[in-house]
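The feature topological domain 'Extracellular' is assigned by Swiss-Prot to 20-263. Here Swiss-Prot flags Cys64-Cys142, Cys95-Cys104, Cys187-Cys237 as disulfide bond, drawing on sequence analysis. Summarising the annotation, Swiss-Prot assigns transmembrane segment to 264-284 and lists sequence analysis as the type of evidence. As annotated by Swiss-Prot, topological domain 'Cytoplasmic' applies to 285-328.
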Amino acid sequence: MEKSIWLLACLAWVLPTGSFVRTKIDTTENLLNTEVHSSPAQRWSMQVPPEVSAEAGDAAVLPCTFTHPHRHYDGPLTAIWRAGEPYAGPQVFRCAAARGSELCQTALSLHGRFRLLGNPRRNDLSLRVERLALADDRRYFCRVEFAGDVHDRYESRHGVRLHVTAAPRIVNISVLPSPAHAFRALCTAEGEPPPALAWSGPALGNSLAAVRSPREGHGHLVTAELPALTHDGRYTCTAANSLGRSEASVYLFRFHGASGASTVALLLGALGFKALLLLGVLAARAARRRPEHLDTPDTPPRSQAQESNYENLSQMNPRSPPATMCSP
């Protein structure tokens with residue numbers, strides 16, 4: 001009986017102890033899980049939207065914010081924006097802030113159209129682009145550099161795509177010669193979305209007839225060709241997209257000559273007329289010079305000139321009275 005009581009007492013002591021140990025282990029595991037899933041220290045990161053759209057001629061804002069592991073950094077920093085590709089693309093904007101300053105002095109602004117809107121001290125590198133053009137349609141990458149006690153830098157890898165839209169504009173329209181004395185017309189336009197081109201003219205009727213060239217467009221440029229112009233007159237190229245339309249015209253007037261024999265006779269007649277005209281001019285000049293020679297007085301002979309000289313000499317020296325002779 002005493003042995004049974006002793007065994008029951010041992011079991012009563014062991015069970016609470018085991019329960020306490022298990023509870024302590026579970027608590028420790030919960031504490032470890034809380035540390036793992038808690039927010040880690042700040043790391044480098046860049047937040048940019050995938051795309052920004054704006055119309056040509058307007059302005060666009062490229063947002064860019066970042067985080068970094070260096071808390072309360074107030075040393076010198078540089079903000080940079082690149083175009084085309086990260087790390088190696090050409091810089092379009094750069095500014096630098098001195099230690100403790102929130103003013104980022106602009107060192108580079110391509111064509112004066114890029115301006116920093118954000119404050120790098122507050123982890124904001126947002127950029128404003130003025131007077132957009134179709135050439136600005138590309139990808140841009142923001143970058144920040146620390147150069148104080150901490151030397152560190154970070155740049156966005158994917159960047160933000162700037163999508164520029166534009167109404168169509170015809171940049172060239174011309175008529176070019178083709179083999180076999182034929183002519184063809186070319187029309188080149190730009191726009192985004194790429195415009196659809198159509199030709200209208202005497203040979204195409206009154207309605208617009210779309211004649212798209214098999215040549216592919218280059219970038220935002222699209223070219224349409226009218227391969228054979230069979231009639232003289234006005235040919236109009238029309239470019240249109242969702243933002244508008246544009247038109248330009250070119251005129252074709254061909255010289256319609258006669259047959260071969262008539263053409264030769266016409267050329268010979270023109271040459272003969274020019275020859276007669278030249279002979280008439282030469283004859284008129286010769287007739288004008290002839291009266292001038294007849295009206296010119298003859299030159300007096302030399303003998304008369306000498307006699308008059310002697311006469312003048314005798315008049316200037318009259319004869320003196322004869323000298324008186326004295327006899328011895």
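Note that the numbers count up from 1, one per residue, in the order the chain is shown.
In case you wondered, yes, glycine gets a Cβ from its N, Cα and C as well.
This view paints the features noted in Swiss-Prot onto the structure.
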| residue | record | Cβ contacts under 8 Å, 6 or more apart |
| --- | --- | --- |
| Cys64 | disulfide bond | Met46, Gln47, Val48, Gly118, Asp124, Leu125, Ser126, Leu127, Cys142, Ser156, Val160 |
| Cys95 | disulfide bond | Thr78, Ala79, Cys104, Gln105, Thr106, Ala107, Leu108, Leu116, Pro120 |
| Cys187 | disulfide bond | Ile170, Asn172, Ile173, Leu197, Trp199, Thr223, Ala224, Glu225, Leu226, Cys237, Ala239, Ala248 |
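With a 10 A radius on its CB, Cys142 (disulfide bond) counts 28 other CB atoms from all the protein chains. Counting Cβ atoms from all protein chains shown, Cys237 (disulfide bond) has 25 others lying within 10 Å of its own Cβ. Just so you know, the Cβ of Cys104 (disulfide bond) picks up 20 other Cβ atoms within 10 Å once every protein chain is counted.
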